[in-house]
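In TrEMBL this protein carries:
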type     : residues : note
ACT_SITE : A:Tyr141 : active site, proton donor/acceptor
ACT_SITE : A:Lys169 : active site, schiff-base intermediate with substrate
BINDING  : A:Val214 : pyruvate binding site
4 protein chains.
Amino acid sequence: MTSTSAPAPLTGVIPPLLTPLTADGQLDRPSLERLVTRLLEAGVDGIFALGSSGEIAFFDDAQRAEVLEAVTGTVAGQVPVIAGVIDTQTRRVIQHLRAAERFDLGGYVATAPFYAVTGPEEIDAHFRAVAAAADAPVWAYDIPVCVHAKLSPQHLVALGADGVITGVKDSSGDDVSFRRLAGMNRASGSPLTLLTGHEVVVDGAYLAGAAGSVPGLGNVDPGGYVRMHRAARAGDWEQVRTEQERLAALFEIVFQPVGKTGPAAGVGAFKTALRELGVLSTNVMATPMSPIDDAEVVARIRTILEQTGLLEGARA
Amino acid sequence: MTSTSAPAPLTGVIPPLLTPLTADGQLDRPSLERLVTRLLEAGVDGIFALGSSGEIAFFDDAQRAEVLEAVTGTVAGQVPVIAGVIDTQTRRVIQHLRAAERFDLGGYVATAPFYAVTGPEEIDAHFRAVAAAADAPVWAYDIPVCVHAKLSPQHLVALGADGVITGVKDSSGDDVSFRRLAGMNRASGSPLTLLTGHEVVVDGAYLAGAAGSVPGLGNVDPGGYVRMHRAARAGDWEQVRTEQERLAALFEIVFQPVGKTGPAAGVGAFKTALRELGVLSTNVMATPMSPIDDAEVVARIRTILEQTGLLEGARA
Amino acid sequence: MTSTSAPAPLTGVIPPLLTPLTADGQLDRPSLERLVTRLLEAGVDGIFALGSSGEIAFFDDAQRAEVLEAVTGTVAGQVPVIAGVIDTQTRRVIQHLRAAERFDLGGYVATAPFYAVTGPEEIDAHFRAVAAAADAPVWAYDIPVCVHAKLSPQHLVALGADGVITGVKDSSGDDVSFRRLAGMNRASGSPLTLLTGHEVVVDGAYLAGAAGSVPGLGNVDPGGYVRMHRAARAGDWEQVRTEQERLAALFEIVFQPVGKTGPAAGVGAFKTALRELGVLSTNVMATPMSPIDDAEVVARIRTILEQTGLLEGARA
Amino acid sequence: MTSTSAPAPLTGVIPPLLTPLTADGQLDRPSLERLVTRLLEAGVDGIFALGSSGEIAFFDDAQRAEVLEAVTGTVAGQVPVIAGVIDTQTRRVIQHLRAAERFDLGGYVATAPFYAVTGPEEIDAHFRAVAAAADAPVWAYDIPVCVHAKLSPQHLVALGADGVITGVKDSSGDDVSFRRLAGMNRASGSPLTLLTGHEVVVDGAYLAGAAGSVPGLGNVDPGGYVRMHRAARAGDWEQVRTEQERLAALFEIVFQPVGKTGPAAGVGAFKTALRELGVLSTNVMATPMSPIDDAEVVARIRTILEQTGLLEGARA
């Protein structure tokens with residue numbers, strides 16, 4: 001890729017798009033279209049397809065392609081779409097890059113290698129090889145809860161300075177490291193665009209230097225994140241805080257499921273909320289996850305939607 | 001303890017006091033007095049003696065008593081002093097409570113049990129037994145990097161609602177959990193005072209609902225943290241951010257030591273900085289830690305002090 | 001799959017086959033044939049293709065198929081070949097099952113789901129779905145260092161009792177859990193065949209109840225593992241121990257590389273040893289791993305090969 | 001300490017003595033005497049007082065002294081008694097050494113520093129300072145589940161070669177590392193005596209090179225461990241295995257408690273078993289742990305005692 005073809009840096013609210021499924025586990029295109037339309041109408045700045053919230057790890061290659069085709073078709077260039085090319089090691093990631101080239105994508109999102117343990121040397125070689133094979137900017141996705149390695153701020157800034165990556169999606173849960181990353185990035189001329197993936201502390205990330213957010217919860221309440229982003233740009237921190245606190249209260253939906261963990265709880269709660277809001281037809285999850293079918297849990301999720309002003313909005 | 005005797009909640013900047021040592025490892029009282037005086041003059045709201053930054057884990061019982069005597073004597077009631085009573089399990093913590101009773105203390109700081117693995121039932125019994133034995137309010141210290149257990153927001157708020165603990169010093173490194181804690185605390189009538197121990201993200205913690213900070217770096221630059229606190233109270237978030245960014249740049253001193261980790265790096269850097277600033281006579285650490293004696297590391301620390309405006313201030 | 005078509009349980013020494021690569025990273029079939037022939041001549045009981053030692057995580061789908069074609073073609077039915085179908089989640093594992101069906105395989109090896117966090121319910125559903133889709137017995141591969149979840153003995157025995165899995169390859173590093181697994185398996189009528197993947201403690205695993213081993217080091221010294229297995233079957237534990245101690249000394253080759261971790265060190269050392277032994281043409285690793293090219297490290301590996309009787313054997 | 005005063009290396013079965021408590025949490029000396037007498041009659045080679053199984057982390061200084069006085073008084077020189085001096089950091093460990101000097105002890109057991117994070121340099125300085133202060137040999141206790149650091153085989157052998165430590169009690173749960181330790185120790189002239197703390201894999205540890213065991217379960221069935229040790233010395237590995245398998249079945253008592261973890265489950269089960277066997281008067285645990293009071297759990301423990309031949313022995 002040449003620098004002249006690089007798009008303007010992608011900032012703002014870029015929700016990691018959920019992948020709606022039908023009752024028998026197939027891609028639910030009508031629900032996907034409703035979901036995307038709702039995000040666009042709320043004013044999001046981009047769409048991140050096939051992220052962790054998009055259940056990428058659960059989909060085989062054909063499904064991944066089907067999702068990208070549907071998302072890019074629905075978005076139709078209204079905002080940039082970036083796509084996860086997440087897999088264990090370099091060759092497999094590049095295989096996904098190749099498969100994604102035919103879609104209209106504004107970038108790719110890749111993690112460090114996983115499953116097989118790798119060290120700094122291999123992580124560096126990995127990102128350089130992936131970027132060299134990509135026809136659009138590459139974002140580094142720092143998500144130790146899945147990858148079990150933390151990307152160091154120094155390394156990320158070095159990759160940015162070398163033009164290997166365009167930015168970072170930080171889902172590290174390590175706000176101290178994020179602050180250091182922001183400081184080092186600034187000190188190096190800001191080669192990186194920094195986005196946070198943590199729904200309930202986006203306000204602090206904005207103070208630290210985030211240029212935007214990639215909130216899974218943004219599927220449920222895109223308007224809240226868009227308003228928070230605009231308030232942050234305007235320096236209206238009381239508004240930022242007010243919006244963040246409401247969104248943090250809304251985020252409690254992910255703690256309602258009993259006996260579930262990981263995306264079965266988190267993405268499961270998002271899908272259930274969106275079903276209750278009339279956006280998705282089902283709350284079905286990819287195998288081997290089962291949907292939230294406990295009526296009491298669903299009721300608690302509805303209550304939280306009401307308390308945070310989402311469900312009334314849906315009823316209006 | 002009765003609620004009528006409870007002091008007003010302690011908020012604001014409460015540095016975890018370093019414990020200056022002489023070249024032969026004894027308590028360095030002149031340096032301690034200079035350090036405390038400097039903090040008080042900067043306007044700190046309290047002093048936390050014998051915390052992790054105070055090297056409590058390294059001191060035997062006699063040394064702990066000597067430190068408390070010196071600190072309370074020097075502070076002389078100008079601000080509240082709270083003291084760590086950190087030890088493996090309940091009986092040992094209570095042993096420290098007993099030893100500390102003769103000093104003028106405004107509260108105690110206790111962690112969950114450690115070394116022997118315990119579960120939620122034992123952690124709950126632990127805090128209740130410690131609080132029942134204490135003659136002043138007890139703070140829960142959430143520091144998984146040392147204790148290897150994370151205190152849950154639900155549990156902390158329940159302990160607050162029951163009057164067992166007065167507040168939380170959060171050094172969990174888990175900003176998502178802190179946000180949830182703040183939200184649950186508010187929803188329960190704010191029984192807890194929440195303080196953050198993470199030097200470089202105090203601004204985000206203030207947005208989330210922290211009432212103050214316990215920054216180890218506050219030993220080095222108390223004025224910065226006091227100014228940040230006042231700006232936060234005044235709602236001047238740009239000033240908060242500006243101050244925080246400078247302090248984050250200053251915090252880079254802890255990453256300069258080579259081949260050191262934990263307090264040998266962090267507290268070691270703080271002590272070295274304070275020696276360079278003329279406050280401490282040595283940068284000696286408690287056994288088995290060796291001080292930072294690499295001239296290049298010391299030079300880098302000096303450079304950071306200069307870049308962040310600390311060393312010129314000392315020279316002025 | 002019907003129980004009548006199930007092969008006799010696979011026991012004994014089943015090395016996880018390395019995947020030899022040419023200088024430009026392609027499958028090196030002549031080296032592969034030499035390696036397989038050497039294993040068969042040493043008397044191994046089976047071959048495990050595309051395991052962690054086979055660098056499965058680094059290969060794209062086409063490469064995986066190429067390896068299976070080459071291995072089954074070379075083995076030509078002389079011993080059973082089982083194949084890793086390792087991937088993040090259920091659908092992707094089943095995709096690999098489908099791709100492998102055309103080869104002459106005696107079983108498949110699958111891990112719990114990874115990347116996306118899953119709980120007991122999902123892990124159970126995963127193995128059941130994978131087994132239902134498989135045309136040959138499925139082995140559970142317990143390897144927390146890669147998967148970051150430990151399979152519980154109770155769960156494994158339940159899966160065995162239900163006919164879902166035929167056995168376990170234990171690379172958990174948790175010998176206490178393995179002992180419990182062996183005891184629970186016996187108490188349930190031994191539905192599972194238990195194999196250990198830990199090269200240096202196979203003797204203890206035999207005492208505990210292992211029916212065989214899957215030693216990566218068996219690529220380098222298959223004869224040693226075959227002799228140890230036969231001695232264990234004969235109850236000659238002094239011979240078992242003697243052989244194990246020599247093999248443990250040989251295993252030190254994996255600790256010689258400097259600045260490498262995971263397979264870059266372990267598989268890298270195996271490949272380097274086999275190159276020095278004249279079996280492989282190169283010690284090339286899959287991207288993003290670089291081969292061991294430090295002459296001093298290679299010299300130390302050669303010295304260990306000599307001390308443990310391997311290199312003289314090669315020279316003879 | 002001078003090498004001429006060093007006792008012969010302590011090998012064989014050295015149970016980590018439980019600390020019996022009365023209903024109100026005081027040391028129960030009659031029970032302690034029954035417990036010690038039973039161990040001595042079974043032929044144990046030593047007693048390890050104040051280990052993790054002895055609830056050392058839960059006792060204050062006065063209690064620690066009381067336990068050592070009672071144990072050494074009861075043992076009365078019939079076998080060596082070694083004592084845990086476990087605490088967070090060097091000075092505190094030395095404080096315990098000083099307090100223990102007045103008792104007739106054959107050695108001390110110390111862990112790496114904990115609570116405050118330390119690195120290799122500090123761990124090395126710690127053991128050297130502790131050994132320099134000790135009037136009897138020092139054993140290194142490798143127990144990462146409590147200390148959250150793993151002692152490296154290289155470091156342990158170096159400490160042994162320098163005369164700093166006399167041996168290792170390995171409770172690391174890392175049998176691969178233990179095998180390496182045994183090999184490195186032999187290669188260095190066996191400066192270390194190696195003991196394993198893992199009750200259910202002592203047989204494998206003997207094959208690897210352990211000179212004895214420190215099994216918590218040895219409080220419940222000392223005879224079993226003594227028989228296993230003698231069989232191992234005699235090279236009767238089938239007898240070793242038979243005894244180990246029975247002991248592994250007995251160890252299942254620690255997995256019966258519901259909702260308990262760590263010593264509340266493990267030591268709790270040992271104490272409950274010994275109460276059922278008529279050795280201890282209560283199964284009371286140190287604060288904040290509650291005893292096992294669930295009748296169903298107690299019944300399951302009794303059933304296991306019967307199935308493994310313990311309870312009939314007690315009744316005879």
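Note: Cβ is positioned from N, Cα and C throughout, glycine not excepted.
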Which of these recorded positions, A:Tyr141, A:Lys169, A:Val214, are close to chain D by Cβ (under 8 Å)?
none
Between the residue listed as 'pyruvate binding site' and A:Tyr141 (active site, proton donor/acceptor): CA-CA distance (Å):
11
Cα separation, the residue listed as 'active site, schiff-base intermediate with substrate' to the residue listed as 'pyruvate binding site' (Å, whole number):
7
Write out the long-range same-chain contacts of A:Lys169 (active site, schiff-base intermediate with substrate), meaning residues 6 or more apart in sequence whose Cβ is under 8 Å from its Cβ.
A:Phe48, A:Val109, A:Trp139, A:Ala140, A:Tyr141, A:Asp142, A:Ile143, A:Leu195, A:Thr196, A:Gly197, A:Val214
What number of additional C-beta atoms lies within 10 angstroms of the C-beta atom of A:Tyr141 (active site, proton donor/acceptor)?
29
Provide the three-state secondary structure of A:Lys169 (active site, schiff-base intermediate with substrate) computed with DSSP.
strand
